[in-house]
């Protein structure tokens, strides 16, 4: 109780119907996420032709999503059943740390996947191909930097506290001291605004490159007096473009998933009167959905 901010005491308990609904949602998404990401990891690791440097990033994305749901799913089921957090203050902090860690790792893995698509499509043969060593270094940097950021609240830079709905835990966005808020400013930049800027930059040039390629193909076809010009190289480029579209779709879905979390943090800092315990649930709903559809998009592609 000592970890719960006074802001939440002004609200009555949530409607009891919210808990079984949330439990059913978590059961559904938990099973789909764990099964989908496990299959993705198993297929990529046991199919030799798929063990490429680029696909190491896809496997890492599946691993981060799998770990997120593996660590979030059981505690959420327990808290929804009891209508409150019953796992103690220490596990509350561990729960929040693991959720932030896997989310941050997922975000930056998506960024590196996008950058790899940019390197393949925009730079083409002029770009340096992704090697297994480079992909491994990218993955290592993702986990090291994510751990560094997410472990900071254990040392007093912000704190991990129960959410207002008492079914989960996260960063403290209600404390007004500059130390706590500075963490949220920098962390929001690191896990949201910077990845968004990099992603937009990459896809602007990807779209330009695809448009220029298609225009060149049409112009060449006109000169040769034929309807279309599609050789083997063009088909390969077209396949790469389809992969880029799949990646773009996944990134867009990811930002839809994580924007509610950002808004909850910033509303909590600057307009807390608008933030009720029910609203904080939406951050869970959208974030957990992201871990479900990532393996679907990448497994198909």
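Glycine residues also receive a Cβ, built from the backbone N, Cα and C atoms like all the rest.
The model shown is predicted, which means the values in this text are computed figures rather than measured ones.
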Same-side flag (membrane), residue 123 vs residue 211, source Swiss-Prot:
yes
May I ask you to indicate which of 161-182, 183-204 is given in Swiss-Prot as transmembrane segment?
183-204
Could you round the CA separation between residue 288 (N6-(retinylidene)lysine) and residue 165 (N-linked glycosylation site) to a whole angstrom and send it over?
16
In terms of Cβ proximity under 8 Å, which residues at least six beyond the ends of the transmembrane segment (279-300) contact it?
18, 22, 25-26, 29-30, 32-33, 36-37, 39-40, 43, 58, 61-62, 65-66, 68-69, 72, 76, 103, 106, 163-165, 167-168, 170, 246, 249-250, 253-254, 256-261, 264, 267
Distance from residue 92 (disulfide bond) back to residue 165 (N-linked glycosylation site), taken between C-alpha atoms, in Å:
13
Predicted model, mean pLDDT over the topological domain 'Extracellular' (1-18):
84
Same-chain residues at least 6 beyond the ends of the topological domain 'Extracellular' (156-182) whose Cβ lies under 8 Å from its Cβ atoms:
3-5, 7-8, 11, 14, 18-19, 22, 72, 75-76, 79-80, 83-85, 92-93, 95-97, 99-100, 264-266, 268-269, 272, 275-278, 280-281, 283-284
Which of 92, 169, all disulfide-bonded residues, has a Cβ with the fewest other Cβ atoms inside 10 Å:
92
